[in-house]
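Comments concern the structure below.
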Amino acid sequence: MSIPNRCTVLVVGGGPAGSYAAAALAREGVDTVLLEADVFPRYHIGESMLPSIRHFLRFIDLDSKFDSYGFVNKNGAAFKLNSKPEAYTDFIAAGGPGSHAWNVVRSEADHLMFKHAGENGAQVFDGVKVNSIEFEQIDGLTVDPSLSELGRPVSATWSCKATGGKGSITFEYLIDATGRAGLVSTKYMKNRRYNQGLKNVASWGYWSNAGSYGVGTPREGDPYFEAIEDGSGWVWLIPLHNGTTSIGVVMNQEAATAKKRETGATTKDLYLNTIKNTPGVWQLLDKAELQSDLKSASDWSYNASSYASPYLRIVGDAGCFIDPFFSSGVHLALASGLSAALTIRAAQRGDCDEQAAVSWHSKKVAEGYTRFLLVVMSALKQISDREKPVLTDFDEDSFNRAFDFFRPIIQGTADVDKNLTQAEIAQTIEFCVQAFQTASTDEQDAVMTKVAAINSQNGTEGALRELHASLSADERRTLTTIQARQIIRSEDQMNIDNFTIDVIDGMVPRLERSSLGLARFVPKAQTSREDGLRATLGLPEKQKSIFSY
């Protein structure tokens, strides 16, 4: 099969975001071509998945292939952020049997996704690099004023190193899934920006004969994450099905540079010394041996001012990336890939015009990035326990949008009109840090029982007063923990429910085979008094979190 001269949608990049978008579009009958520069299977970091991945994969009928492949099942994850006992997120307790995720070898998992796109009708080619994009000016369509001169993409040039072949392909839509290279963001839009508060460097390698966290318990084989004792970063330990264990060190770049300078250590010296001084990880390595060369990466966190323009969608790491702390990379990749596919279909089907589709996708990607950024910032603040300017480079519009969900709970008011201040951002992070505090299931059940028992006739404000008057100091702390866990939307890690109910510009996704697109949002009927109180407190209608509530 040869690369065609024309297609409806060209997807550049065959990682999770690109392969997912290509599969979703091809299943809708869209003429889709997927070009990947590397030859599969190809290496990639990011082995630990979130349970939400299963639900994204199920939408394109790919979950059963992951289940049968032999990857290590991930029933949860352990996080030791400070001197207190590690916290454990239990996927099975929250979602029931079959709610596990996986620890994957990315070269194999990504290849599964790439092949699946082809099996579902996309024309897929690896070893083919896209070198340039040609744009044409269009009138009357722009969302981001800074991109008004870009125009719409109409063709791409490609080359194949193995054969020496070269060519070009024209298209109606382009999806940029080129990973950290970010072809469109860095070469054409030139709108990528790094978060200076998350200037980290990571080094990692693969060990043989490493021990496992939780041996003899249902937690055996789950990833283990531990903070470095001086607060400069953290270490991951992820068992893989090929018999190796991925162990990585993520450290603030300034701290890593200072430690090397003070001790004369090499990158490998710093890596090994850090692991030796991380007790929980080191005790699992008494018989282990580092069997690979170290790999390194820096500048983990970046985003952009826009993730779409007319007839163009940017997905996955090509647009933004945070930090591997909560395994958010593949989650955000698949979410953005699905967003790209459904907004293209929405415009094609007439659900909305192209400008509205562009706006929806860009806001959806920005919101997902911002929510996970808040989670990571809260966790890193818990690790470092010191003031750091972690959100100096945030996207104000998207953070304002995400903060709309947080401010009423933190301030006890529904006022969401004013712009954010740095103090409010700090307050948000401080509040969300409470999500990492311990609260037993019994303690949470007791508090939620009291929430359900409130039957005030004085409206929501009266119900809030009655509730807080009925709670002890310890119960109020437990309530704060429950609220914080809902603010950081921990259920996003379990399923894709929130993907289908998030209202952006008055529209919600329609995730139906053969009808993929956007639909106008229709508000629900009046809620009950208890539901209203739960909503005001930021508590869930039903138990669906990786935490107890």
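Keep in mind that glycine also has a Cβ here, set from the backbone N, Cα and C atoms.
FAD binds G14, A17, E47 as Swiss-Prot records it, and from the list V330, V358, V376 the residue named for this site is V330. Counting neighbouring Cβ atoms within 10 Å of each of the binding-site residues (A17, V330), the lowest count belongs to V330. In this structure the alpha carbons, written CA, of N242 (N-linked glycosylation site) and E47 (FAD binding site) are 12 Å apart. Cβ contacts within 10 Å of G14 (FAD binding site), excluding its own Cβ and spanning all protein chains shown: 31.
Here the candidates are the recorded positions N303, S328, G329, and by Cα distance the one nearest G14 (FAD binding site) turns out to be G329. Straight-line distance linking the Cα atoms of V330 (FAD binding site) and N303 (N-linked glycosylation site), rounded to a whole number, equals 16 Å. Each of the recorded positions E47, N242, N303, S328, G329 was scored by the other Cβ atoms within 10 Å of its Cβ; the lowest score goes to N242.
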